[in-house]
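Asker: This is the structure, below, for whatever I ask next.
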Amino acid sequence: MLKETRSKLYCTGGVVLVLLLCVVVALIVNFSLDKPLTPTWSQSSAMVACVPRGGTVKQCEELGCIWRPISDDSPNCWFPEDSSQNGYGYEIKGDIQPTPIGKTMVLSRIPTTPLAYPESTPVEEVRLEVEYHDVNRLRLKFTDSKQARYEVSQHALDIRAPSTPPAADDMLYEVIYITQPQFGVKVIRKDTNATIFDTALPGFTFTDQYLQLTTRLNSSHVYGFGEHNHGRYKHDMNWRRWPIFSRGTGPKAEPLNLYGHQPFYMNIEKSGKANGVLLKNSNAMDIVLQPDPYPAISYQVIGGVLDFYIFLGPSPENVVEQYNMAIGYPVMPPYWSLGFQLCKWGYNGTAHVRDVLRRQREANIPQDVQYVDIDYTYEKLTFTYNRDGFRDLPKLVQELHDMGQKLILILDPGIGTDENVTSRAPPNNSYPALNDGVRQDVFIKNPNKTGYLTAEVWPGKVYFPDYTKPETTEWWTRCIEDFYVNQKVQYDALWLDMNEPKSFKSGSLTGSCDKNQWNNPPYLPKIEDYDKGHLYEGTICMDAVQDNWGQETVHYNVHSLYGHTMAMASYGVLRKLQPSKRPLVLTRSTFSGTGKYAVHWLGDNTSEWPQLAWSIIGMLEFNIFGIPYVGADICGFWGDTTEELCTRWMQVGAFYPFSRNHNAQNYPRVDGFIEQDPAVFGEPFVTRARDVLNTRYRLLPYLYTLFHYAHTTGSTVVRPLLHE
């Protein structure tokens, strides 16, 4: 029997209390392949929240839990640590059954387990499926044993399971099941005997709209989770809470949820070996990090299932390679896309764009790619271009091609519905994108399914396409083809924006969202504006209806898949439209596996020094998320840059995988923020920018080779020294 004795130190009000824990020996059953049964159980002082956030002393005590404030950031109400007499969570029911590639078992809820959210119906029986996928990969999936629940569709993310398991002796891991005082599962690295995933703690909760699972970590060296703006690459584990839920918000200092949904982390173990864990779940969640001496991660999720994939490495680079093998290797970018790129929101016409291009050439600034932002459209309508300032847009594209340069244009998902605008849309005073979309029924529906949900973005009133519906991909294909072929705008790549989806009017233009379990869930993760008490701030009603590939569901479940599915559809269109070329799709919102279809920029940053530093962290994180082609808007998007800041940012950005200088107009101010393309500043800025960009161009064969390896083996392109 394994015995462990640990002491715990608590500091409250200046009083230090040292508790010496007695050794608690309970039944551990080791069902890892053919190993003999080993009875053991050990208690740890890693703590699990009984009330995840807030609460009162009275509520905590009524639940039978312990009120113990630790810090301003930590929960205050905890499950009792000594649960040897009375488990909290689930217990195993019946026998563990073999499957072709692992084990399966049913877990029964311990009736005395307190519920912080009694309005969320508990799932009384949970099924755990354990699958051995490879010598270095396994899956732990917790779901309702009796009733189907929403889970991420294989159409969105298909992680293939093998037909047969790897040989037992070759596996880097073993799995141990703890049966008392509550059920838990441990994943052990064989060669070091290190526990890398351990749920043997009280408080496993599985209700209809609140799922909580806490796992001990081997060390506090944690990297990943996103999309957020992290101040450093290694996580601060001191009770930091990170919400994950796609939101159209640019990087800020606060721990806010940003554009993407990336529930993947990597842990460097005490031995120096690494492991990674993906939670395949698209619902909103909080990730709570617990500090030394007992580091842990708590997942607090408001829907779906708990579907974990664990990667054993053993090196950090191996972990990323194995993760990418599972979710899909990153797209291989065309060589030209590694060149320097230039954009501005606020070009007033093709003459303005030509002027910018001219001054770069006169300054001998290397430039391969030019963008046009939403300015080119007619009244902000997607799939149109205005016949005033941009009337010769097709000619501009041809001029760029004649000079060996490329053009990328922006596409927003919102399809304008204002008849006063759409009835005058060029070239034929009609708007086929809307008319055909309505005819083919491709838009997200109102909760009662009697019409389409109306949101507000740049064109005013809009419908959002439902990219989880196969007919929508067909319609999207025709829209893109029409713009390319019939309107003769022969762009080279697509830039997808506002695809969280972002709405200027929270909820719906036809009225406020109904107050119900979807818009106002029992537990609200600490997302931006969570204090407003609803989930739809900055986006659409959560009870809007989507097809979900024939398994109809509410937007609540698939919200964070929106940008991912738009990227999937757009990538497929470009492959069809330009079969001899590699597609390039740049997307603002991402999900696990988006890198197979699209690349990413870090969003609407500001022209401030901290943002320059933060961009390096974001670039490293997206390399472990499987999207290595990434970069920030050089010199900043919002605000007026300075010559000094822009100089230093050009010198850093020249080594981003995606190197683009881009900034905004000062909406609604007409004159906008100052221009910041390299040639606009004059000397000595021009010489410094030219020199560092020429260095980049000399290194392009090496960078291209790194992308080849990323595309074929899943390796990183930009990596920290800990990967070497």
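Glycine is no exception: its Cβ is also placed from the backbone N, Cα and C atoms.
TrEMBL lists 9-33 with the feature transmembrane segment. Among the features that TrEMBL reports, domain 'P-type' is placed at 39-81. What TrEMBL lists as disulfide bond is Cys50-Cys65, Cys60-Cys77.
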Asker: List the same-chain residues at least 6 positions away in sequence whose Cβ sits under 8 Å from the Cβ of Cys50 (disulfide bond), in sequence order, or say none.
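Answerer: When sequence neighbours closer than 6 are ignored, Cys50 (disulfide bond) has Cys60, Leu63, Cys65, Ile66, Pro75, Cys77, Trp78, Phe79, Pro114, Ala116, Gly203 within Cβ distance under 8 Å.
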Asker: What three-state secondary structure does DSSP assign to Cys50 (disulfide bond)?
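Answerer: Going by the DSSP assignment, Cys50 (disulfide bond) falls within a strand, counted as strand.
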Asker: Work out the three-state DSSP category of Cys65 (disulfide bond).
Answerer: coil
Asker: With DSSP as the reference, give the number of residues of the domain 'P-type' (39-81) in helix, strand and coil.
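Answerer: Within the domain 'P-type' (39-81) the tally stands at 6 helix, 7 strand, 30 coil.
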Asker: Within 10 Å of the Cβ of Cys65 (disulfide bond), how many other Cβ atoms can you find? Include all protein chains, please.
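Answerer: That number is 24.
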Asker: Looking only at the domain 'P-type' (39-81), what is the mean pLDDT?
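Answerer: When the pLDDT values over the domain 'P-type' (39-81) are averaged, the result is 83.
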Asker: Take the Cβ of Cys77 (disulfide bond) and count every other Cβ within 10 Å, whichever protein chain it belongs to.
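Answerer: Other Cβ atoms found within 10 Å: 24.
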